[in-house]
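Database features (Swiss-Prot):
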- 118, 122, 123, 124, 240, 350, 351, 352: (6S)-5,6,7,8-tetrahydrofolate binding site (BINDING)
- 226: site 'Plays an important role in substrate specificity' (SITE)
- 227: N6-(pyridoxal phosphate)lysine (MOD_RES)
């Protein structure tokens, strides 16, 4: 297939080859990224990309859907087996659209929702004023404690009692600690609210039984299918059976047309991988690597938000190094370490500058990195940030990155 692309469109082929080279040669620490299997990529690049399939298995608006029906049913059944969900919709094109569908199912414009502050670890779709969620609905924010940088559940309860939200959103995009979903449901029940959990970042850890499962506690659970779940880029919704018809209607015809059946096939393959015994080993290694990396960074004198991690994610506060998150992201990329600048709790800098850097261990763990490599990465990050204006030091860091990545070849058949 790549040979056809190379012959037909040299420019696109060259860009893809360059990206493959980047992924092979750099240390990927963006917490929301991962490396899918060749099987997942083959499914996504299959002839299913040709098929329109508006509707759901057995109830399509197009003919010729008998085979894509099988694929979608496989995907849904596997998710139910993994997470114990009563109903699953695997059609959302993204996590944002999954969240939108839940909002459209139970909220009216202007309804009050309680969600996590973006700079404290939340997500754009949890009420940011620049996102549809913050425009359409009246979001009230909760956050983390100023000292511990952990969610203060008493504060969440107090705000829930004060504002009487119709929906409470739990889950985060930059929160390195375990979230108490049972406590969130108790709070929701106390004020008569629905509970939605966005488990996008931790879905793979939940699938492996290494993080509390929100499904028994939440009315709705949304997630992406990539990140720690190691599938293609996409979303899905898990919910109680009582909301099944409403959720499905919110996705189609509510906010989407035809589903991307080639992506759903890739999702099904990834879900099958998540059911294998070695996936639990993989997820445990993600956590082990994150803990080791956090310890190494702290030994190097770096400050971590909340003092460490319980999952795959680490948030570094770079202010004591007298640099910004923007500078840190740039200089690390210069030596071959890919991260993203990120706001930290009680942020004072612009979101385009930030005081933090977010990193994660899902992708490097997929590549085969272990504890020794985490020690080297911690050393590399600290060395690079402390010497960010020293070109000789940066050149040394580049060589160390190259030495590390060369030991772990990836996608050798591509």
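All positions are counted from 1 along the displayed chain.
Note that Cβ sites are derived from N, Cα and C of the backbone, with glycine treated the same way.
Locations of recorded Swiss-Prot features on the structure.
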residue : record                                                  : Cβ contacts under 8 Å, 6 or more apart
118     : (6S)-5,6,7,8-tetrahydrofolate binding site              : 124, 126, 127, 128, 343
122     : (6S)-5,6,7,8-tetrahydrofolate binding site              : 115, 116, 128, 141, 172, 173
123     : (6S)-5,6,7,8-tetrahydrofolate binding site              : 116, 171, 172, 173, 198, 200
226     : site 'Plays an important role in substrate specificity' : 32, 33, 34, 36, 232, 233, 234
227     : N6-(pyridoxal phosphate)lysine                          : 31, 32, 33, 34, 200, 201, 203, 204, 362
240     : (6S)-5,6,7,8-tetrahydrofolate binding site              : 86, 87, 219, 220
350     : (6S)-5,6,7,8-tetrahydrofolate binding site              : none
351     : (6S)-5,6,7,8-tetrahydrofolate binding site              : 119, 343
352     : (6S)-5,6,7,8-tetrahydrofolate binding site              : 326
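Following the DSSP three-state reduction, the secondary structure of the residue listed as 'N6-(pyridoxal phosphate)lysine' is helix.
For the (6S)-5,6,7,8-tetrahydrofolate site listed in the record, the two most distant Cα atoms among 118, 122, 123, 124, 240, 350, 351, 352 lie 40 Å apart. Classification of residue 122 ((6S)-5,6,7,8-tetrahydrofolate binding site) by DSSP places it in coil, neither helical nor stranded.
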